[in-house]
Amino acid sequence: MQSAYELGPPVSDASMAKESSYEPFNTVDRDRTDLLRLGKKQTEKLWFRVDARLQLYHTRDLGGRPHVRIHDDSIEFPLTHIVFSILALLSTSAGSLHDTPIPHSIYSGGPAGLVYGYLLVWVGTASIFATLGELASMAPTAGGQYYWVSMLAPRSSHKFFSYVTGWLTFWGWQTAIASSAFLSGTLVQGIIVLTTPTYEPKPWHSVLLLWAAIFFAIFVNTIIGGVLPKFEGFVLILHILGFFALLLPLIVYGPHQQASEVFGKFVNGGDWPTQGLSCMIGLVGSVFAFGGADGAIHMSEEIHDASLVIPRSIMATLFLNGCLGFGMLLATLFSLNDVKAAIESPTGYPFIEILVRSTGSIPGAAFMASLVTIMQWCANVGILASASRMCWSFARDHGLPGSRYLQHVDPRTSLPIRSIIATTSISCLLSLTVLGSSTAFNDLVSLWVASLNSSYLLASGLLLYHRCTGGISPYKADDLSDVIINRREYLMWGPWRIPGVYGIINNVFACIYVIVIIFFSLWPPGQPVDARSMNYSVLVTGAVAMFSVVYYFVWAKREYTGPVIEVN
């Protein structure tokens, strides 16, 4: 079955295997073989690469042509950034401390709840993404979760479960860009409030700034791809320098509270029956900080040696930035001498109040807050790239209304321009919820967490079943004769996995963790609950799931047959 975006006729598996039968078996062969086994052709350029000697993770060139030559090799590749999952890097080392989730976590948990919750979420996120890394190594495709569910679910229902998973993943990534852009806009407002006390922030100001952040991401993703390597190099330098520019003043200047205040002080600002319940509700902030590491998965078809690079880069990102984030978290909390004053900061961001008290200078605090704001605006670029690839992939497999239009790839830039525009349009519409709800951001974050984690649960649960029943064959690196296109009877591990009983234990823990996170992400931030403070993510998540079910049986059942096979 040929998709509308293809420029040429389908090719046979035999011919592709013949093309890939080079000696020795290299990463290009493995990329072709992986996609062949999944029934996919390479239609987008491979912009990602990992150089073994440099050990640097490079992200995509968004349509640009600049490249560099590494040492004296004959291999050339686009130079961009250090980590695939730029969102995870920025959100963990900066976002978990300096974004709106921290008021939510301090409000529901306090300093101690935030510390222990961060560690729990760090371990749980590592577990779930190790499981997803195994799946990405088995099937490195831009579709990610919905492709894996189609591959692993029972034959009688694999199309249905794949379709629902696709919608949950698609919707989760749409709310991701809206949430991140909301942070970008309100951070600007917070700095203005700090430097101009007479300014009165309005919800419609937030919406306009949110749109500005989204349009900036569109501009970088589509118009100035040629200078993206320099742009991302600037972001990398800014991130490294900004980390120390924020950390050192917190450590050196300002009064520090006792360790007992950091590790032993809990807060139940939501008036919940127990402190434990309050801390569990406050986990959502830390979950948001670690979100987005699966963005690399949706760039799989543009990555060299994806079956190895993706799981390694995700786990390396979680470890590195988890450490950076925890260090910054402790520095911030030790500088948090007045919890109430931080929560009630007129800027809306406790970290800005902490910076002011630590430095004793409003201009200095504004400059430091500006570094976080710039990084947040730059993070939107990577989030939009992943969200648009998810949209494009699901449209390619006929899962969305208007799929024929959305699956188009611009022949000049090799970019899914229409999917990028559709993604940003949805995000702009979602931003309008800010006008009618005082907890709009919490609702968007909860919706992101609930939707994406629901898709993780479906894929991880099915993998657990197959690994316990022995239905997955060992990995064969260079035996092309065993390549079978999209045969659900034939499941083969990828080159990266957690072996034996350790993999089963990790898989079980990942499923339990995701269930807990989904449950508590749907709670409102506090009591009493009314129409304005209600967490509507439970309603919207249920509506998305119900819409996908109804739409599937009414129309999509005839059009959506699971991931499209592009090779004969």
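Cβ atoms are placed via backbone N, Cα and C, with glycine included.
Taken from TrEMBL, the feature region 'Disordered' covers 1-23.
Packing against the transmembrane segment (115-139) from elsewhere in the chain are residues 34, 37-38, 96, 105, 109, 145, 147-148, 151, 262-263, 279, 282-283, 285-287, 289-290, 293-294, 297, 300, 306-308, 310-312, 314-315, 318-319, 322, 325-326, 329-330, 333, 453, 456, 459-460, 463, 472, 491-498, 503, 506-507, 509-510, 513-514, 517: each is 6 or more residues past its ends and has a CB under 8 Å from a CB in it. Summarising the annotation, TrEMBL assigns transmembrane segment to 115-139 (among others).
Summarising the annotation, TrEMBL assigns transmembrane segment to 160-188 (among others).
The transmembrane segment annotation in TrEMBL covers 208-228 (among others).
Here TrEMBL flags 235-254 (among others) as transmembrane segment.
Here TrEMBL flags 274-293 (among others) as transmembrane segment.
Residues or ranges marked as transmembrane segment in TrEMBL: 314-336 (among others).
Sequence annotations record features per position, and here TrEMBL assigns transmembrane segment to 365-387 (among others).
Summarising the annotation, TrEMBL assigns transmembrane segment to 420-441 (among others).
Residues or ranges marked as transmembrane segment in TrEMBL: 447-465 (among others). When Cβ-Cβ distances below 8 Å are used as the criterion, the transmembrane segment (447-465) is approached by residues 128, 131-132, 134-135, 145-146, 148-149, 152-153, 161, 164-165, 168-169, 171-173, 175-176, 179, 284, 287-288, 291, 294, 504, 507-508, 510-511, 514-515, 517-518, 521-522, 537-538, 540-541, 544-545 of the same chain, each at least six residues removed from its ends.
Sequence annotations record features per position, and here TrEMBL assigns transmembrane segment to 501-523 (among others). Beyond the transmembrane segment (501-523), the same-chain residues lying 6 or more positions past its ends with a Cβ under 8 Å from any Cβ of the stretch are 121, 124, 127-128, 130-131, 134, 280-281, 283-284, 287, 446, 449-450, 453-454, 456-457, 460-461, 463-464, 467-468, 535, 537-538, 541.
Residues 160, 163-164, 166-168, 171, 401, 437, 439, 442-444, 446-447, 450-451, 454, 521-525, 560 of the same chain lie 6 or more positions beyond the ends of the transmembrane segment (535-554) yet place their CB under 8 Å from a CB of it. According to TrEMBL, the transmembrane segment annotation covers 535-554 (among others).
Counting same-chain residues at least six beyond the ends of the transmembrane segment (160-188), those with a Cβ under 8 angstroms from any Cβ of the stretch are 87, 95, 98-100, 143-147, 149-150, 153, 205-214, 217, 288, 291-292, 298, 348-349, 369, 372-373, 376-377, 379-380, 383-384, 386-387, 390-391, 394, 397, 399-400, 423-424, 426-427, 430-431, 434, 440-441, 444-445, 447-448, 450-452, 454-455, 458-459, 541, 544-545, 547-549, 552, 556, 560, 562-563.
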